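The structure appears right after this line, and notes come after that.
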Amino acid sequence: MSERPPLVVGGAGLAELAARLGLPLGEAGEAELSLEIRDGRLVLVGDPRRYGNPLAVDFVAGRAAHRRHFGGGRGQLIARACGLGKGVTPSVVDATAGLGRDAFVLASLGAEVLMVERVAAIFALLEDGVARALADPETAGIAARMHLARGDATRELDALVAEGGVSPQVVHLDPMFPHRDKSALVKKEMRLFRVLAGDDGDAPRLLEAALDVATHRVVVKRPRQAPPIAGPAPRHVIEGKTSRYDLYVHRALTAA
């Protein structure tokens, strides 16, 4: 890894974004990654050999559109874990929003979702993705249920939820799982995330914060064979082929 800074904001028209999020302005190539506008979208760009294609948040086309049409509805693992059922649509705080894929699935099923993201560059991509989804008639209704908050859920989740205006019936966590096997081929997207965010070494503290804030349950996504986060044992586990959801239940979700 070079000694260049991890990120700059490059290109015309992004000075306001850089100032608002406290990110440095610069030229592409001065840092490992750069935020730029390409084809009307905000994208995160790095060496394609290491990081792949420019990364954007797109809730209108591609993977999100396919999942919107063919994803399996409330039978999906994440929907079951978060308690979406017949007559039950809880509001959800996604405290590790990332690129918003889980939040979009939940919002497409009718849930109000507050997306909390601590990494400024990823937050900027989320903002741009939600804005474009609001402008498209096919996704505007879904995007209207997706709310954003920038901050560190480990340290200020209660304040972020209070400001976000979404009741924390369910708190969803998907902490970055430490990559220990240096010989394994890590997805290029995950490499990019690790440059910006590192691993979530404070996962136990994040779980503690979520348990304090959630009114009904906390849902933690984990690799299928990974140990639970250190702390209280989950009440229930829902397993998929490659991942599982550990459920920490305060009280049952009921129909409105």
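Residue numbering: from 1, along the chain as shown.
Just so it is clear, glycine is given a Cβ too, placed from its N, Cα and C backbone atoms.
TrEMBL lists R101, D102, E117, R118 as S-adenosyl-L-methionine-binding residues, and of the candidates D47, D58, D174 the one it assigns to that same site is D174. The candidate set comprises the binding-site residues R101, R118. Of these, R118 has the most other Cβ atoms within 10 Å. The most crowded of the binding-site residues listed here (D102, E117, D174) is E117, judged by how many other CB atoms sit within 10 Å of its own CB. In this structure the residues listed as binding S-adenosyl-L-methionine are R101, D102, E117, R118, D174; their two most distant Cα atoms lie 16 Å apart.
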